[in-house]
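Residues annotated as substrate binding site in TrEMBL: Phe43, Asn44, Lys45, Tyr63, Thr64, Phe65. For Asn101, Tyr103, His113, the entry in TrEMBL reads 2-oxoglutarate binding site. The domain 'Alpha-ketoglutarate-dependent dioxygenase AlkB-like' annotation in TrEMBL covers 8-157.
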Amino acid sequence: MNENNLNVVYEQYFSKKEADRIFEELEREIEYFPSEMTTVVVFNKRYPVPRKVSAYGDKNLTYTFSGNTLPTKPLIPILVRYLKEANKFLKDGSFNYILINRYKDGQDKIGSHRDNETDMDPNSSIVTFSFGAERTMIFKRSNFNSVKIPLKNGSVLADYDSV
């Protein structure tokens with residue numbers, strides 16, 4: 001997709017049956033951080049986020065956002081499989097980290113933000129697998145109008161200009 005110079009790939013990657021099976025397996029296997037570890041700061045005030053968050057990856061990696069530093073948990077087999085799938089979308093290199101956001105439904109969302117955390121490689125890409133309820137991802141960049149992409153159950157979105 002090259003709408004407004006947005007450098008992304010979006011496709012239906014898994015069948016509905018397979019996506020539903022993966023979703024159920026993730027529901028059983030993923031351990032989430034306590035909600036007090038994943039609040040956000042807006043105008044110097046802390047707020048809860050409308051999602052559960054977890055992070056898995058290489059030892060000693062962390063993810064910092066809005067004043068929170070989350071440690072990684074060791075990769076589990078299901079996530080190793082999907083890291084390999086995500087790596088298929090990279091031109092070179094490989095992913096060593098998975099951030100999992102589990103929303104209650106398609107209505108929960110986070111506000112406009114940039115994935116520019118200091119512990120992210122500024123040349124990295126982000127690959128998103130979406131399972132469960134459909135939700136819309138809105139891209140806003142200074143060089144184009146907003147672009148909305150509905151993330152369907154079993155879809156993948158690779159953003160090559162994410163950071």
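Cβ atoms are placed via backbone N, Cα and C, with glycine included.
Largest CA to CA distance in the substrate binding set (Phe43, Asn44, Lys45, Tyr63, Thr64, Phe65): 21 Å, whole number. Burial estimate for the binding-site residues (Phe43, Tyr103): highest at Tyr103, by number of other CB atoms within 10 Å.
Cβ neighbour count for Lys45 (substrate binding site): 8 (other Cβ atoms within 10 Å of its Cβ, all protein chains included). Within 10 Å of its Cβ, the residue among the binding-site residues Asn44, Thr64, Asn101 with the fewest other Cβ atoms is Asn44. Note: the domain 'Alpha-ketoglutarate-dependent dioxygenase AlkB-like' (8-157) comprises 28 helix, 57 strand, 65 coil (DSSP; helix = H, G, I, strand = E, B).
Across the domain 'Alpha-ketoglutarate-dependent dioxygenase AlkB-like' (8-157), the prediction's mean pLDDT works out to 84.
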